[in-house]
Amino acid sequence: MVNPTVQHSNHHLLTNQTFKPKQELLKLKRLRTYLKNINKPAVKTIQSSDGDLIDCVLSHLQPAFDHPHLKGMKPLEPPTRPKANESTEIRSYQLWTVSGESCPEGTVPIRRTTEKDVMRASTLQRFGRKIIRGVRRETMSNDHEHAIAFVNGEEYYGAKASISVWTPKVTDQYEFSLSQLWIISGTFGDDLNTIEAGWQVSPELYGDIYPRFFTYWTSDAYQTTGCYNLLCSGFVQTNSRIAMGAAISPTSSTDGSQLDIGIMIWKDPKHGNWWLELGSGQLVGYWPSFLFSHLQEHASMIQFGGEIVNSRSSMQGFHTSTQMGSGHFADEGFGKASYFRNLQVVDWDNNLVPLSNLHLLADHPNCYDIKAGKNNVWGDYFYYGGPGRNSKCP
């Protein structure tokens, strides 16, 4: 289902092009040059039922290899996984694979970026980027609101969690709702380094309301470096079955089946790069360590949880109805509230270990809250989320 405000917005942009023909032509030329750079030649294209086009691109031609430090290189071999007692299984979580189509070995599936995608962003520079910071730093953040669990005070070499996937309502084109884990280092000033992965609903970025698997990175507090998915040079994809930014299917339903995805990010002890795994045993790719300053060493904080953008309060004086997680509060528990389970971190010796000293933080607990627990099956876990605007969150 396409968000009607998205269509209206595109129409508005197109009709505006007649007012300043020279400027608009230049803008269109820049946009097309950008698309030509970001959309690489495909050996095969797969049409997904949600409207996405998935291009199978030779792995050495993916956007990462436009980076001066990676030109002419090939993706690295798989690293040593952190030690833990578990089996590996290969499962498909993505809508584009439902038809049975797949990308050939030696290629990586990349969601094609369209003119419409870019035109939904306010500027070309903003496209594919979290312009306003996306990390929780003090009690009153501006229009980004969080309900998170975090650990700090030690050296961390990775983290792992299983995250339940929902389709939260996002009520404004320029808002989003996401659930992710953050690997963080540096101060919360201009030198902040983060690596992020999870699922998000973002009408601005994708033009629809599907929850989508995503990644993000920055080495300067979201200022000039980094991007979502493969929308700039950085992340090197090694998997031919997972597409960044593609819709996740199936998803959880209230009092029905609960679907969660496992995400692990860890630092390869041999080469120092940060690797990403989806599910149990599916390596997706890696962030080369040279992209970062502080994260070349280790992380100093790990965050797990939800984030939304609330653009209503400043503009219209009331809170957004954009939902976080499932749209239900943490107290409502299994089958209703969204959760993170089996939270773990990776230590200096590449072992997955339980958390020590887990902290909880909700910016606006009347809008979105969080509640943690521990048991033998789920280890460290928490429920989180909420509906946004309600009688206690006006």
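From the backbone N, Cα and C atoms, a Cβ is placed for every residue, glycine too.
According to TrEMBL, the features are:
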type: DOMAIN; residues: 138-394; note: domain 'Neprosin PEP catalytic'
type: REGION; residues: 68-87; note: region 'Disordered'
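As a whole-number mean, the pLDDT of the domain 'Neprosin PEP catalytic' (138-394) in this prediction is 94. Broken down with DSSP, the region 'Disordered' (68-87) shows 0 helix, 1 strand, 19 coil.
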